[in-house]
Amino acid sequence: MSNDYYEILGVSHDASADEIKKAYRRKAMKLHPDVAGPGSEEEFKKVQEAYEILQDPQKRAVFDRGGDPNARMGGFGEGGFSSAGFDFTNLVDAMFGGSSPFGSGGGRGPRSRTRRGQDALVRMRLSLAEAVFGVTKSLEVDTAVVCPKCQGKGAQSGSEPVTCDTCQGRGEVITVQRSFLGDIRTSQPCPTCHGYGTVIPDPCQECSGEGRVRTTRTINVKIPAGVADGNRIHLDSRGEVGPGGGPAGDLYIEMTVSPHDVFTRHGDDLEMVVTIPMTAAALGTKVPMHTLEADREDFAEDTKTVTVEVPAGTQSGTRIVVSERGVPRLRRNGRGDLGVTFIVQTPTKLDSHQKDLLRQLAEAREETNASASVEKSGGRGMFSRIKEAFGG
């Protein structure tokens, strides 16, 4: 290294005091003998000397004029390098995030035995009618609850947690080692109290000192009308009780809706398929049918059926909409619709009399085999046309 203190620290001659300090930190951390090895001691001394001169305005002015700033102040001599008015502990603080092992330092302190519990997730199976119209159901939930014997304290009746003799309540043990830099202090959680700062000499036999036990409890859950498969209900503070009888987490109940034999759900609409005979489709008819309300014994009888008017000439795939007989809109007013798709059933077995009647009908309508017409695809595939015919 040269004797130019600015060059030693790697700063310009007009560097500010803050720039000089930062440069010294970088150099000192890189060249300190405990980091770079004993061979760097001489270079480290020069860095210390450069910082001592340049951080002092009077010494820096003497050096800038070409004088010897150590002529009156004295140099390092044989006593090793000085601190130059800068605590090396601060350098280590920068590396250890403010938890320096040098000097006294502040520890983490004991951790609390009482902590918030985890959230819990359970699943509830519903029928389609329960999901659509809402229901109140009981549900068994397996979670941790506050120990009924010690009420969360973790200690037997008449016993209390006492200060840990090993760490004196600090929750950590500190070891001190002598080094070239001075005392190096390191801390770790106390092995006796596991960082709590207290020990339970007579733990509760019911919970083994945990302050909580697992149990299966039954809760009543009100399911709002209109929930869908996968929806969740959030219940505050009904989840797992925390260690030490701490506050309970939240409980989430996820809905699983079973399929229905007749109805399917599409958003807020219900869909069903009804088969009618060929004659009814041709002549028109009125079809009474059960609605989803029929699955609920607690509903009025007049809500359980609806009559749908089928117009004459109805074709297979015709869909008729019954307004406001679908799913109640969740957290909104109104209901979706009920869509009824009709399938026209063609008879497969006819006696001779029935065949004669159909022949007479065909003759009256002048229908023959040549009356069949080919539907134009319009660029659509066969499956697309079939799907459209059934309201897809």
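Heads up, the Cβ atoms here are built off N, Cα and C, so glycines get one too.
Copied over from Swiss-Prot:
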- CYS147, CYS150, CYS204, CYS207: Zn(2+) 1 binding site (BINDING)
- CYS164, CYS167, CYS190, CYS193: Zn(2+) 2 binding site (BINDING)
- 4-67: domain 'J' (DOMAIN)
- 367-392: region 'Disordered' (REGION)
- 147-154: repeat 'CXXCXGXG motif' (REPEAT)
- 164-171: repeat 'CXXCXGXG motif' (REPEAT)
- 190-197: repeat 'CXXCXGXG motif' (REPEAT)
- 204-211: repeat 'CXXCXGXG motif' (REPEAT)
- 134-216: zinc finger (ZN_FING)
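For CYS167 (Zn(2+) 2 binding site), the count of additional Cβ atoms within 10 Å of its Cβ stands at 24 [all protein chains shown].
Comparing C-alpha positions, CYS207 (Zn(2+) 1 binding site) sits nearest to CYS193 among the binding-site residues CYS164, CYS167, CYS190, CYS193. Ranked by Cα separation from CYS167 (Zn(2+) 2 binding site), the binding-site residues CYS147, CYS150, CYS204 are led by CYS204.
Between the alpha carbons (Cα) of CYS150 (Zn(2+) 1 binding site) and CYS193 (Zn(2+) 2 binding site) lies a span of roughly 19 Å. Ranked by how many other Cβ atoms sit within 10 Å of their Cβ, the binding-site residues CYS164, CYS193 place CYS164 at the bottom.
The distance from the Cα of CYS164 (Zn(2+) 2 binding site) to the Cα of CYS147 (Zn(2+) 1 binding site) comes to 24 Å.
Rounded to a whole number, the C-alpha distance linking CYS193 (Zn(2+) 2 binding site) with CYS204 (Zn(2+) 1 binding site) is 16 angstrom.
Here the repeat 'CXXCXGXG motif' (147-154) has long-range neighbours at 113-114, 160-161, 200, 203-207, 209-213, 241, 244-246, meaning same-chain residues at least 6 beyond its ends whose C-beta is under 8 angstroms from one of its own. Neighbour density for CYS147 (Zn(2+) 1 binding site): within 10 A of its CB lie 23 other CB atoms from the protein chains shown. Looking at CYS190 (Zn(2+) 2 binding site) and CYS147 (Zn(2+) 1 binding site), their Cα atoms lie 26 Å from each other.
Helix, strand and coil residue tallies for the repeat 'CXXCXGXG motif' (190-197), in that order: 0 helix, 0 strand, 8 coil [DSSP].
What surrounds the Zn(2+) 1 site, by Cβ distance within 8 Å of the Cβ centroid and not counting CYS147, CYS150, CYS204, CYS207, is the set PRO148, LYS149, GLN151, GLY152, LYS153, GLY154, ALA155, PRO203, GLN205, GLU206, SER208, GLY209, GLU210, GLY211, ARG212, VAL213 from the same chain. The C-beta environment of CYS204 (Zn(2+) 1 binding site), restricted to residues of the same chain at least 6 apart in sequence and closer than 8 Å, consists of CYS147, LYS149, CYS150, LYS153, GLY154, ALA155, GLN156, GLY211.
Annotation note: CYS207 (Zn(2+) 1 binding site) sits in a coil segment as assigned by DSSP.
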